[in-house]
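This report refers to the structure that appears directly beneath it.
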Amino acid sequence: MRVNDNQPFDLVTNYQPAGDQPQAIKKLVSGIEQGNRNQLLLGVTGSGKTYTMANVIAQTQRPTIVMAHNKTLAAQLYGEFKAFFPNNAVEYFVSYYDYYQPEAYVPSSDTFIEKDAAINDHIDQMRLSATRALLERRDAIIVASVSAIYGLGDPEAYMKMLLHVVEGDRINRDDLIRRLVEMQYTRNELEFLRGTYRIRGEILDVFPAESDQFAIRIELFDDEVDSIRWFDPLTGKMQRKVPRVTIYPKSHYVTPKDNLSRAIETIKDELQDQLKFFREHDKLLEAQRIEQRTRYDLEMMQQLGYTNGIENYSRHLSGRSPGAAPPTLFDYIPEDALLIIDESHVTVPQIGAMYKGDRSRKENLVNYGFRLPSALDNRPMKFEEWERIVPTTVFVSATPAKYELEKSDQIVEQVVRPTGLIDPEIEIRPVLTQVDDVLSEINIRKEMDERVLITTLTKRMAEDLTSYLKEYGVKVAYLHSDIDTVERVKIIHELRTGVYDVLVGINLLREGLDMPEVSLVAILDADKEGFLRSERSLIQTIGRAARNIKGKAILYADRMTDSMQKAIDETERRREKQIEFNKIHGITPRSAVRQKVKEIDTGEVFNDDDIEGKISEQARALSADERHILADPKLFAKHMSKLEKEMLKASKELQFEQAARLRDEILRLKAQMLH
């Protein structure tokens, strides 16, 4: 059922491909059209890889999943693609848990830990919106985290539950309500929230689970659909009249009645088998435990159609065989879809790691009678299962790993930047005088109003260096793992605006540290082999100075390691190619300028400085109570629910100014939590 097959991807931008972008776009598009299953875009820092991806999507016109390795990067990509494709369906699919404690059993202390979670209502809505977009239209881009490989409701069962309402159709009001209840919608006459409905005579209002703004009003007359309208649930203002509407289930785990009846019988059969096994092995406590828990769940499913933890019965509900791969987001995409894996050297290993951690926890639950063995099939995909199901793939990385290099049918380089900037010049200096040498380099950069990043190997070294630099009057900040996201963004903003001149850290490979103001990266103890001094890490760290026309990297080392040599050789190769390109085309390098991006929640457009400034202002403006609420996901969820109730109450009482103020407060706190 696709209602929007003809809408093309419409790339909206003032830029034209430049540098290596035109040839990279051409090669990738050609490779996709020729049937290459896997390709690699090897793009250096600051070469505009996201813009290249956007052009590939626009030229191939394929529904696309863009995978990132964490929520922060996914949110950043979502904002960028939303700006590139304002007329298409750009959606966001990440884990909807603000807080998640999975159920677990610790045999050594005989401790059972109940599942405890706080679900982010806004992200839940965005996930439902993402699957709706994939089912309804081809012009869909889904920006997802590794959450995409976790079990999701079966798409066939989900599609069976769709409710189509057409103007002029004959339908009984009670039948309509019954269908909504089967789709897990609840009646609520007091609070009209997402996933609820209300009845006023022959008028039925439904707030779709995937909608973030508008609700549906269905007016019946003598068992006939008289009119269908979209309206604003806050103000009651009508938006538009439509001839038909499709209402989607409230959850991905919704199940048709016949599937549920069949599942209940197969769960009973499995329970009997497990009881027999426990009794034969004289495990009477486990037998009692599994019988009590399972019978309670079955009763809930018979009475209400669902139960807490229903995902543990997903194998029965979907009718899959034992050990079969779970349905995931990838089951919702068409066969000719495109998958782009950003920062693939980090994202791909994550995909492989998810299954093992999940399995060991669940085995304890099964062995000690807390769950049936079929719960083991409620899991993320195994790596080999993921490999079998993925569509045409483009890996994107500045430093690809062995897997992507070996797997790719074509490796496309994007070394020349649109700005003409060349990779930083590299110098090697002795370790003995590294601290004093760094201090003199900082003073040189300070005179030119430029910034410095320094990376150390240990926390102790970073702390000592920060203290030493402060003694000499250097405006320095120390970025470490204990700093939360809001504070981190604030520090980065203050480095860019000159509050600090120097940033000291251990791992400078995280997002947000590509700043045009940084002209020097100093790598202390560069000859100590290890994760932070591997070839890939060195190349990426050196690249932190690549957005400045005077970019330079100093490696402090007493010997040349293999990793250092490879990183230097690769950087020199890129520099030669970039310099030659600039010479042939008469390009004068210019420092990078960060483009405008859309914020994920408010939809407003700010440039990078505005966003960071706005967040740091919010951070400073937070009261002690608000900081306490933001630090505890459970408190945050309760507080948001309270504010939403107050907003709807104010709206019902026609106090629209108060409702608008509460709405802005909700958006402000949501943005704060996301960042």
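Glycine is no exception: its Cβ is also placed from the backbone N, Cα and C atoms.
Database features (Swiss-Prot):
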BINDING   GLY43, VAL44, THR45, GLY46, SER47, GLY48, LYS49, THR50  ATP binding site
DOMAIN    30-417  domain 'Helicase ATP-binding'
DOMAIN    434-601  domain 'Helicase C-terminal'
DOMAIN    637-672  domain 'UVR'
MOTIF     96-119  motif 'Beta-hairpin'
Restricting to the domain 'UVR' (637-672), report the mean pLDDT as a whole number. 76
In the motif 'Beta-hairpin' (96-119), how many residues does DSSP assign to helix, to strand and to coil? 3 helix, 15 strand, 6 coil
In all the protein chains shown, the tally of other Cβ atoms within 10 Å of the Cβ of THR45 (ATP binding site) is 21
Which has the fewest other Cβ atoms within 10 Å: SER47, THR50, the binding-site residues listed? THR50
C-beta crowding around GLY43 (ATP binding site), within 10 angstroms: 23
Three-state secondary structure, which DSSP defines for THR50 (ATP binding site): helix
Applying a 10 Å Cβ distance cut-off over all chains shown, what neighbour count does LYS49 (ATP binding site) have? 22
Given the ATP site residues GLY43, VAL44, THR45, GLY46, SER47, GLY48, LYS49, THR50, which other residues of that chain have a Cβ within 8 Å of the mean position of their Cβ atoms, reported in sequence order? THR52, ALA398, GLN414, ARG417
GLY46 (ATP binding site) has how many other Cβ neighbours within 10 Å of its own Cβ? 22
I want to verify one value. Collapsing DSSP to three states, which class is THR45 (ATP binding site)? coil
Under 8 Å Cβ-Cβ from VAL44 (ATP binding site), six or more apart in the same chain: what's there? ALA398, GLN414, VAL415, ARG417, ASP423, GLY543, ALA546, ARG574
GLY48 (ATP binding site): tally of other CB atoms within 10 A of its CB: 24
